[in-house]
Amino acid sequence: MKKIKVLCVDDSALVRGLMTEIINSHPDMEVVATAPDPLVARELIKKHNPDVLTLDVEMPRMDGLDFLEKLMRLRPMPVVMVSSLTERGGEITLRALELGAIDFVTKPKLGIRDGLIEYSEVIADKIRAASRARLRAPAPAGHAAPLRLRSPFASSEKLVIVGASTGGTEAIREVLQPLPADSPAILITQHMPAGFTRSFAQRLDALCAVTVREASDGERVLPGHVYLAPGGETHMRLGRSGANYVIGLQASEPVNRHRPSVDVLFHSAAEAAGGNAIGVILTGMGKDGAAGLLAMKRAGARTMAQDEASCVVFGMPREAIALGAADEVMPLADISERILTRLGDRGHRV
């Protein structure tokens, strides 16, 4: 079996050693070299031609973002960012994903050894996914505003429910940016750690006509608003309070190894919204969301899955399609317009 060749770039000798230990403990991958900074890494990339690069965000001589930008322009390859679990780390990591990084892992603030070892399987899964991922062009600087679509109508009864993982931050941006300000409410679960989703919501809010915010427990769901599940600590559910939809955040065990889980959101939407919802599953590894999307379909919702050609990682959509959970499969570029078309359809299903 051909092993996945990994180059680890980090200014911390401790982190380089731990990443090497973790990666080499898996039989399908190996660290072929490590580098303390991007300038050394540049020569090692030429020498070893790695399949995946793990790249620290903040380093001396040249920071990770500058190096990533040059790398994706001159020699594109799958990159997994290694970021500190801080608000600043979150903002930098989101920019790295815009520049073309496939995914990221977080370094704990304290107890780095125990923290990284604890996430050994997650790190290995992300490297495997990156090795198979489709590279995409970096997002243009400033994100030129797309042509806004027209909403067929705004109704407090209609909802769009979205789930995503690896590659999802850019996919979500592409879905939301064309939507008009009077779009129905949208609830999104994107796999992210605590502290990152607020920065993500703020970035989206600055780019979109709809209002994007990190969801709060108990808040009423309003048209023209997008609610992003807070990362890491709770699951987001859709519920009812009289005639209104409300958001519930629940601190319970991970589902499908994730918290927040897409399945939890989708199952709650099936129960609370039934045929008034549209369910959308986007790029991501694993199977989270597949069973929940099927539950939404059985409850009367219209359901959509991103197609293989436009996914960074065709995992979650593949599982949903295999279950028969998706009414339609389409390229990412078509999803926004299709959502609004479905919202304008008459009948018992959205």
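Backbone N, Cα and C atoms are what each Cβ position is placed from, and that goes for glycine too.
Quick look at what Swiss-Prot lists:
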ACT_SITE  SER165  active site
ACT_SITE  HIS191  active site
ACT_SITE  ASP288  active site
DOMAIN    5-122  domain 'Response regulatory'
DOMAIN    152-346  domain 'CheB-type methylesterase'
MOD_RES   ASP56  4-aspartylphosphate
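Here the domain 'Response regulatory' (5-122) is broken down by DSSP into helix, strand and coil counts: 57 helix, 28 strand, 33 coil.
Using Cα positions, the member of the recorded positions ASP56, HIS191, ASP288 nearest to SER165 (active site) is identified as HIS191. Taking the Cβ of SER165 (active site) as centre and 10 Å as the limit, one finds 27 other Cβ atoms among all the protein chains shown. The two recorded residues ASP288 (active site) and ASP56 (4-aspartylphosphate) have their Cα atoms spaced 28 Å from each other.
The Cβ of HIS191 (active site) lies under 8 Å from the Cβ of ALA164, SER165, THR166, GLY168, GLY231, HIS258, PRO260, VAL262, GLY284, ASP288, each on the same chain and at least six residues away in sequence. Compared over the recorded positions ASP56, ASP288, the count of CB atoms lying within 10 A of a residue's CB peaks at ASP288. Mean predicted confidence for the domain 'Response regulatory' (5-122): the pLDDT average there is 90.
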